[in-house]
Amino acid sequence: MSDLTKYTVGWICAITTEYTAAKQFLDETHDNPEALSAHDHNAHTLGKIGKHNVVIAVLPDGEYGLSSAARVAESMLHSFPNVRIGLMVGIGGGAPSSKHDIRLGDVVVSSPRDGKGGVFQYDFGKTIQGRAFRPTGFLNQPPLPLRAAVSDLKSHYESEGHLFEEKINDILKKKPRLRKGYKRPSPESDRLYQSTFTHKVDEESCAANCGDDPLNLVQRQERTEDEDNPMIHYGLIASANNLMKDASIRDKLAAEMDVLCFEMEAAGLMNHFPCLVIRGICDYADSHKNKEWQGYAAMTAASYAQDLLRRLPRSRVEGERKIVDILSDVDASISKAGLSIATMSSRMMRKEDIETLDWLTKIDYGPLHSDYLKRRQPETGKWLLESTEYQDWRNTDKKTLFCPGIPGAGKTILASIVIEDLTAQCLTDHTDGLAYVYFNFQRKDEQKAEDLLASILKQLAQSQSSLPQSVKSLYKHHETRRTRPSLDELSICIQSMTATYTRVFLVIDALDECQKSDDCRYVFLSRLFDLQRKGHFKILATSRHIPEISERFIGDRVEVRAHASDVKKYLDGRILRAGSELLVMHKEEIIKRITESVDGMFVGSWIFSATGKKTDLCTRFLLAQLHFDSIKKKMTLKQVKNSLSGIRTGVEAYTHAYDDAMDRIKQQGVDASKLAMDVLQWITGAKRQLRTQELQHALAVEHGKPELDEEDIPLVKDMASVCAGLVTIDEESGIIRLVHFTTQDYFEKKQNSYFPKMEPKLAMTCITYLSFCVPASNSLRTMELFRLDLKLGQSHPFYEYAASYWLLHARETEAETNEFTLYFLENEAKISVLANGRSFRFRPGRRRPFSRHRNRYLTSGEYVPSQVTSLYRAACYGMEEAARSLIEFHESLDAKNSDGRTPLSWSAQNGYESIVEQLVEMRVDL
């Protein structure tokens, strides 16, 4: 076919391997054209797939990256002006995660998310707390016909599967010369190494250099016959001019942006050459890159592209505009892409810089912020952003704005709205800095003044184009000494950082939930106000009405309140999403009654702002939510009216709303009610917040059983739905928690009624779970103990919590029951293995193999050496009943640990007189 205007599909490859693979999947091949444009320097192959005439072009040999891809597209259009859609087909680096089981040979297809394109150029992004490598904008979506074909093919694969392997094998039979470079490698060569384990010598293969030590590998189950292999994944592809070879940055982008694949060409095309990006996974975008899987990965990507074109109607392609007609600014794209090479090294922090920031603190409020934003009802909260007080604070140097409100007023959602507004400002003006803190009563382990200042420093530092020297110096000073920076050092470093910004915005949410112990709240605020006096800090804080907090803030304040219009918008959205025709029919009446009930609570209640203006006290989103939850499953109008008429107002409104929710839980039926009570008991009593998978396993534990029965694991959606709106799941972090701190207060006050003997039950659940996975053997060597502990943390979701907190639950049980003590004795051998294994893993001064910057200790903050017995641990933690029983039966009462300490010396040091007396009576050595 010599008529070049007949070709409507442009297929672009980056390297010869991709070009070779692509040509094998043409249904028919056409002769090469004799006359091409003088401006076309590409190598081409012409042919047909399905009903489409296709031109395949490859980048010039030795050229890679965004600008090269743009040039080959431009050259193609000089010779083939009728091309209307494009495909970018080839290989890329995968980003496997807990959400996406990506393996070598799999295919990733660029797929838009939330109305945004499926490709972004991450070297143009700016690093912001919780939004690392955030792009300035997603690139254009693929053409609509291609997106429709992707959906159609996806549905076909789900029911029928694909024939990649069969098609590739047929090609290799016909062309045996391709077998060496394009057949599927052995499964053993598909190694996913831990992100902290790097390739040491570039010249050697991973098999020779890195080996198959399970400690260095991520363990993955074999795919079943019911699963596609290779598998097709749909999602975000990250594109840049530089090859991604850093697993830590890979994991960061995968977690924060849900990136599935990394490559080097697509971003140069997407805004000017409408195309779909298809990538076969040939490596894991880390230092262990090799070419063994490149040929096969190129074949799987090309096989997918062939299937796609065969399902794409010719009429839809011909209905698209010619690309040449919309290609008006490719030159600008090329220029911009070229500039990215120079900015890449400064914008993307090196692995060492990221590790230094992680050394400062592991606290990350980003996922929490994202979750709060998702809960915002559209168009709500504008009253605050448009208020005179907020605008004045935003535009005036060293300004403070205090935003108090009563429980459930929506302070946290408003704080997230403010943070998002300021984030947009910082993206526009890089001379502005932003940091924020979300306090939470359930995350007290993060509430130390040093950690909070370190978090602010980290956020401001990672927004810089390169890591500031002051932070590097701070790290260098302490890393060799294994020490932590002081408050003074952190303050000086933050002050130095603020000098690099024109303005620094600091948002603090829920100051009332910051603990008072150790004077954390007082010290934190004092340091912030001192920094404000010396620099360009602008502070906005939210809190309940607590005098000792309010009196610290001098200046403007805005009462946080849920406007009646906001409550109505919230309820309107809930009714529409509920899917109940009954509620929709009576929407106006429902909204009116609930809005009046929350408004009616505040008749005659007033507060005075700093300006002296009298304003009405805030309404409550939380109560509106609870009231709506009480009617959303009603089946008749009378039931709805009865429920609405029972709504209480006044100071007991919350208690009555929670009582009503608990009544609904009890009426669900035995199984649903029990699941709800178990969920609420764990969330209320847990020593830290739990992720959904952790809680699933905890709920599946049956005391007295030898192993966990996975058929007892409840579904996440059931765990939430049975709790009558009292729990919520943070989608970003996977944490399941109570809907509000007033809910925690409610259950703590009524613990004896709802959760009698809570601590013994939680303690025994932890011990039972540990007994499922910890071998009863004291013959394991030190390294074996470490490997066992590491492996269990990966394979058993509840292990980390159970191993870290069983003793804390156990200490609180002894005053109530001796049941745990007996259970403790029955599992003593396993507990000793656990103790020795974890103490080795967390010993201070010993660098962890998987990170040289994480110096973790046991939850209590105490150092527990290795070679410890159960009696030793009972003595360490003051467990009198357990110690008494162990003393009666234990053979080694004066056994020494690795530090030469005995149970008697440790209990004496901690002042546990009862245990000391028991041991002295047994005449043990100190």
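Heads up, the Cβ atoms here are built off N, Cα and C, so glycines get one too.
Over in TrEMBL, the protein carries these features:
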- 9-301: domain 'Nucleoside phosphorylase' (DOMAIN)
- 380-544: domain 'Nephrocystin 3-like N-terminal' (DOMAIN)
- 668-749: domain 'GPI inositol-deacylase winged helix' (DOMAIN)
- 899-926: repeat 'ANK' (REPEAT)
**Q.** For the repeat 'ANK' (899-926), sequence-distant contacts whose Cβ falls under 8 Å of one of its Cβ atoms, 6 or more beyond its ends
**A.** 865, 869, 871-872, 874-876, 878, 880, 883-884, 887, 893
(Q) Taking only the residues in the domain 'Nephrocystin 3-like N-terminal' (380-544), give me the average pLDDT of this model. (A) 87
Q.
With helix taken as DSSP H, G or I, strand as E or B and everything else coil, how many residues of the repeat 'ANK' (899-926) land in each class?
A. 16 helix, 0 strand, 12 coil
Q. By DSSP, what is the split of the domain 'GPI inositol-deacylase winged helix' (668-749) into helix, strand and coil residues?
A. 43 helix, 9 strand, 30 coil
